[in-house]
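Trainee: So TrEMBL lists the following for this protein:
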TRANSMEM  36-59  transmembrane segment
TRANSMEM  65-92  transmembrane segment
TRANSMEM  104-126  transmembrane segment
TRANSMEM  146-163  transmembrane segment
TRANSMEM  175-197  transmembrane segment
TRANSMEM  209-229  transmembrane segment
TRANSMEM  380-403  transmembrane segment
TRANSMEM  409-430  transmembrane segment
Amino acid sequence: RKERAPSSGAVAELTKHCELCPSVDWQSCLQCQLRLLVMAQLMVFLVSFVSTVFCGHLGKTELAGVALAIAVINVTGISIGAGLSSACDTLISQTFGSRNLLKVGVILQRAILIQLLACFPCWAILINTEPILLAVKQSPEVARLSQIYVKIFMPALPATFIYQLEARYLQNQGIIWPQVITGVVANLLNALINYIFLYVLGLGVAGSAWANTISQLSLAVMLYSYIIWKGLHKATWAGWSWECLEDWDTYVHLAIPSMIMLCVEWWTYEIGGFLAGTFGVELGAQSVVYELANICYMFPLGFSVAGSVRVGNALGAGDTEQAKLSAKLAMFCAGCNIKGSEYFPKALYVCSTTVTGSLFLLVSQAASGSIIRGAGKQKVGAICNILGYYGVGFPIGVSLMFAAKLGIMGLWTGLFTCVFLQSSFLIFYLSRMNWKKATVEVREQRHNTQVFISFHVNALKRIFMVMCWVVCRPRSELRYRGTLQTWVRKSQFNH
């Protein structure tokens, strides 16, 4: 079946949702998106952060168990889903830019199936949290509490993955407000549930886990309900289609490098926190710096998402000059963010110039990484992150941490070196990038995908119809060999 072209009313429906910037001026729209994206990213981060804060009053062992459980969930669950869903930053943004709106819904369906399948290997690791923690010499009591937390959270993992897809589905269409609204409501609900479960009912670690689980489920349900209520899906969703079962390789070829880009960076900082535990008192310093880094990273993460969306939309529309301009603007915003360092928490500057420098370089890295995702060059970013973190930064950091006995300063010195090299390489790569060639590649890939899917979907339909005919028709008619051959010939797809 050929996709029907969206009407002008459907396109207008998608462009009227930004109440803060009703004008068509793209600079004003981008400024609006930056503010909202920062708030949306911060709302998601605060859910787990608030749960950890509430557990701080339960005791040192309970706090350690919850913190370790959240780290395990982030490493073996949340980071995997966030990385796989990053493929939507390329596919949905480029498809939406080409105004092939119904194709956006098919990509979302395909992503939902892949994300749900990805839950199974994540569950296989999460259910063995306690043996894994005991194998790395963690306290038996802390490992036991972590296992309790993780087991309760496991049913919320699919909801977390679905929420990430819902958020990217809207972000890549320039719709940000729903995530902010649902994020605020979910955080208020999370704080209320934590208070009731921990202080009124006295459920301890299990209560914190249930509060986090309910909050994650509510995020996905509320955002889905908002999409249905406001009709944000009408222009891009035509119902479930056979096409969602085809062309998985295109999605996976982008999803795997995207996952590597995110997970390599995320895991490095989590491992750094684990290594800091060997120094005893420095674990607290590392935890504080890490949380501050996460909060500060919400700002560059917000405009990096906006940059990825703009670059992908421009390439999908075949507008090479607009794609180049969007990339330059993203890097310019990174420079403004670094220059406006007075907006960062003042506590950062008492840590060290090395830590502060690392965080500022992360800003330019986030901007360049977003352009890489929007252009569909995730393999370059994945190779850069692997070599940067595990080939240079982490070995230097561990060596300075233990051999040179610099402690946490040694770790952050290695990370500073890594991020500096990464930022330099990505900026050089983008400056030499052939944007006209990238635009042609997007157009050719879209055409080849449409032909491939059209052929195979019709083949599946023919096979299914033949099977139904064989089962339902009387046996006496099967002796007429020519009847079946004629029927199949008539049902063939005419290209």
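Including glycine, each Cβ sits where the backbone N, Cα and C put it.
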Trainee: Mind checking which residues reach the transmembrane segment (380-403)? Cβ under 8 Å, same chain, six or more beyond either end.
Mentor: 256-258, 260-261, 264-265, 268, 271-272, 275, 369, 372-373, 409-415, 417-419, 421-422, 425-426, 429
Trainee: Sort out the residues at least 6 away from either end of the transmembrane segment (175-197), same chain, that have Cβ-Cβ distances under 8 Å to it, and list them.
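Mentor: Here the qualifying positions are 14, 17-19, 32-33, 36-37, 39-40, 42-44, 46-47, 50-51, 54, 167, 203, 207-208, 210-212, 214-215, 218-219, 222-223, 226-227, 230, 232.
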Trainee: Per the definition of 3+ C-beta pairs under 8 A with sequence separation of 6 or more, do the transmembrane segment (36-59) and the transmembrane segment (209-229) touch?
Mentor: yes
Trainee: Between the transmembrane segment (146-163) and the stretches 65-92, 104-126, 209-229, work out which stretch tops the count of Cβ pairs under 8 Å.
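Mentor: Most Cβ pairs under 8 Å with the transmembrane segment (146-163) come from 209-229.
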